[in-house]
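Single-structure report; data block below.
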Number of protein chains: 2
Amino acid sequence: MSTPKTIKIGLCGFGTVGQGVWQHLERARTDLEARLGVKLELARAAVRDLKRARDVAIPADKITGDALSIANDPSLAIVCELIGGTTLAREVTLAALKRGAIVVSANKALLCDHGAELFETARKHGGQLLFEASVAGGIPIIKALREGLVANRFTQIYGILNGTCNYILTRMVQEGAPYATILADAKRLGYAEADESLDVDGWDTAHKASVLAFLAHGVWIKTDKMIVEGIAKITQADLKHAAALGYGIKLLAVITRDFAANQLFVRVHPTLIPEERVLASVNGVFNGVSVTGDVVGTTTYIGRGAGRDATASAVISDIVDAAAILATGKAVPSIPGSSSYASSQPPSLAPLEKITGRYYVRTLVKDEPGVLAQIATVMANHKVSIASVTQPEVAEEGTASLILTTHLSNEHAIRETLADLARLPSVVEAPLLLRIGDFAE
Amino acid sequence: MSTPKTIKIGLCGFGTVGQGVWQHLERARTDLEARLGVKLELARAAVRDLKRARDVAIPADKITGDALSIANDPSLAIVCELIGGTTLAREVTLAALKRGAIVVSANKALLCDHGAELFETARKHGGQLLFEASVAGGIPIIKALREGLVANRFTQIYGILNGTCNYILTRMVQEGAPYATILADAKRLGYAEADESLDVDGWDTAHKASVLAFLAHGVWIKTDKMIVEGIAKITQADLKHAAALGYGIKLLAVITRDFAANQLFVRVHPTLIPEERVLASVNGVFNGVSVTGDVVGTTTYIGRGAGRDATASAVISDIVDAAAILATGKAVPSIPGSSSYASSQPPSLAPLEKITGRYYVRTLVKDEPGVLAQIATVMANHKVSIASVTQPEVAEEGTASLILTTHLSNEHAIRETLADLARLPSVVEAPLLLRIGDFAE
């Protein structure tokens, strides 16, 4: 037998995930090399601060402060972009793709904002971009969509994609404590960032939804074309009323495609899920994704959605796929962007009238006669039919909390309804809207 | 661009699954061809009875009654073995592998009984054997273990792998009807075979467990080296007592590996799962698998475990992988049997003393003084510590039903205990043993 080829790997970014990749890849290397028939060499890593002490020690001559030098190093066939952000990460990714390298990325924000440019660059220069770690951490959901479920068209994908939000909502349910208290504690424990907005306002979930929508439907939907709502306004009252109605509340990404009309819609919002659904019992930092394909039906995937080791597991699976490609000179067959995804008739965005569902509306009103009639009239004007009304508790003096659920309506009608409700003199606070997710299983 | 290569596919077996594969592949063909850059041609199908009418009509000149003629046809680069059984299916698979074809198989019994021979034949002749459809139907669990989780060593895999058993247990819980009634109805509805033994006695689950154990650990464990117990003895009383203790009962395959001792054990048995675990709410014909890897932690996969379309989805994903291999002349990097799985130090079977857990024992005893003391003494003799005792209901005149749960013990001790209990004059019926699955999550 001939001497096995050596495939050199460079890591741009050597924080938590980068160190996890290095450590676990070193440990699994002998096994993986035997399986692949090639040698794998962790050749270089770029760090932001050369002086900082790290948990995973690597030889000084392998470290650089210059990530672009790794992106541009022709000896490195695989470049892992683990920097985060969309500035240097974009430069590094483009540079590596331009020289035909395979880039492994965990960066959903970069993919969402610049995916079209990145995949076009890859196509033009013979590079490839793998991104298993960008969505749902260690769950191999990218591979499932791209390869395992390749016979399917995806009518619906929905999932819990942000571990921080799920952790906060889970603790709110378990402890009965308000959002602000749990958020503060989550920050203290390192489960939420100092600036929590990316997570709790739904943007991180939206980035991931964009990646899943691209995989399933071949188009990049940016966050300004989605409905994106976060969890910050959810109260104990909402959780309790939802539970009384038989639902849990989860922040979901929902990607729906109408193949007959060739329309797609992507949205991110807190959703009431029937308690008996599997995703309703996905708690804490876990992620879960339900995928409905026209052949296979619904399959569901659950696991840790973030963290050093789960993310490293996904990055390493991409590195192994990349090494297999390099060992034989073959391209991954079903990477979107390079073939049919881009060429098939792209779907258009579904209008809001087509995004149907049932709704949960909580509002604070003046406690006086005729208020419910006014509200019911507004809803009737927009043909939003009320399914249930609860006036559950004594709010502040002179006000009352009202919880309404609706029959099937649509995003356009409910949006108009909410705007009109907010204008009613008897409505004290802008109403909170939650969606009821009666998804097919 | 040059004319794309045409890859010809032959189907051996054109029953429910074969017709599903034909129909869905024809529908998805244009998309898949664009993605792969090759043409896919469903060239021939072998049927058992040439005269039988079928839902999916194919041209008469593509049909043959001779499956071996497809296996041996050098123009067919991909052969799907969808015959079932282990006689003709084995001949067909071996013949196709010997000429270097890629065989796609859904046949877990064949893999379990002859896997070593098949993979050795593939290795020797340059053939390949893909088997996504053999376990858990449309859930891409084979790909997850083989590729998506490649960074991991698998300390534990457990799952609901037989839809018939899960359907029966689910209806028993929902309707409160006895096993025999539900089984008869399941047969009438086509959810259970006329000879139900393969399903309800655990053998089908054991075949699938064998396939998963091979993928994860590189050795073929045959069913005579497993504990294999079915669901036929489970009564309404068991389901109710389990529920009262906070558990559901599922037929599970459990594959545990102790890497320090390099020991493996595979078992199939009805298991009490804590209600809050995700797999406890996997109901009806659905399958679910929880995989614990040393890097990623636990990931869980849920979907339809059988049926025409779910199985076809998995077969087609293998056909697409096969076509990608053929398009570039590359071998799947991480197919076991051809590389590291076979060469790494194979684990030995763990002795029964090492298979630990808690147990549920139901027994029928004479309703007379001193019986509980006798039973407790037998258990104490084997150092099996009792966690709870319930004497729940009036059984037949002069007898009493006893339900015991134990603290942590092991298969050796509990087996000896059960043998001794069965010999007690006061024990009227051989005790029923169920395992309590307090699995890590």
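Cβ coordinates are placed from backbone N, Cα and C, and glycine is handled just like the others.
Taken from TrEMBL, the feature active site, proton donor covers B:Lys208. When other Cβ atoms within 10 Å of the Cβ of B:Lys208 (active site, proton donor) are tallied across all protein chains shown, the result is 26.
Marked as NADPH binding site by TrEMBL: B:Lys108. Cβ contacts within 10 Å of B:Lys108 (NADPH binding site), excluding its own Cβ and spanning all protein chains shown: 25.
For B:Glu193, the entry in TrEMBL reads L-homoserine binding site. The 10 Å shell around the Cβ of B:Glu193 (L-homoserine binding site) contains 14 further Cβ atoms across the protein chains shown.
The domain 'ACT' feature in TrEMBL is assigned to B:360-441. Note: the domain 'ACT' (B:360-441) comprises 24 helix, 29 strand, 29 coil (DSSP; helix = H, G, I, strand = E, B).
Here the Cα atom of B:Lys108 (NADPH binding site) is found 6 Å from that of B:Lys208 (active site, proton donor). Annotated pair B:Glu193 (L-homoserine binding site) and B:Lys208 (active site, proton donor), C-alpha to C-alpha distance, rounded: 18 Å.
Secondary structure at B:Glu193 (L-homoserine binding site), taken from DSSP and collapsed to helix, strand or coil, is coil.
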